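Report on the structure given below.
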Amino acid sequence: MDYYRKYAAVILVTLSVFLHILHSFPDGEFTMQDCPECKPRENKFFSKPGAPIYQCMGCCFSRAYPTPVRSKKTMLVQKNVTSESTCCVAKSLTRVMVMGSVRVENHTECHCSTCYYHKF
């Protein structure tokens, strides 16, 4: 019986150490690894050999926080949570024609800025 208690104690200690290490990382440390930084990446659909087309792709930040009481009083429809986010957008671009008559923006530089067009 003492034999099994020792194994149970070792398992519990190992589990608690693992959970301590897991909770010591800042929030989002593991999820950010899947999300690349905001920069121009080649658009395979519009690119041709020798004439690549680049589009801004990547992640920026978003956050939500409680709406301040002073701000709530000015809202027509009061909301308890306020959110803000930035999107990966082109800082500079050139317009080019592809496939004969399709006008496409070739992004040359990207940055995180206000989101104007939200993707669903």
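Placed from the backbone N, Cα and C atoms, the Cβ positions cover glycine too.
Because the structure is a prediction, the values reported are computed rather than measured.
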Disulphide pairing with Cys88 per Swiss-Prot - partner from Cys38, Cys59: Cys38
Candidate cysteine (Cys35, Cys87) that Swiss-Prot pairs with Cys59 in a disulfide: Cys35
Cysteine from Cys110, Cys112 that Swiss-Prot links to Cys60 by a disulfide bond: Cys112
Between Cys88 (disulfide bond) and Cys35 (disulfide bond), the C-alpha gap once rounded to whole angstrom: 12
Distance from Cys38 (disulfide bond) back to Cys115 (disulfide bond), taken between C-alpha atoms, in Å: 13
Cα within 10 Å of Cys87 (disulfide bond) - qualifying recorded positions among Cys38, Cys59, Cys60, Asn106: Cys38, Cys59, Cys60
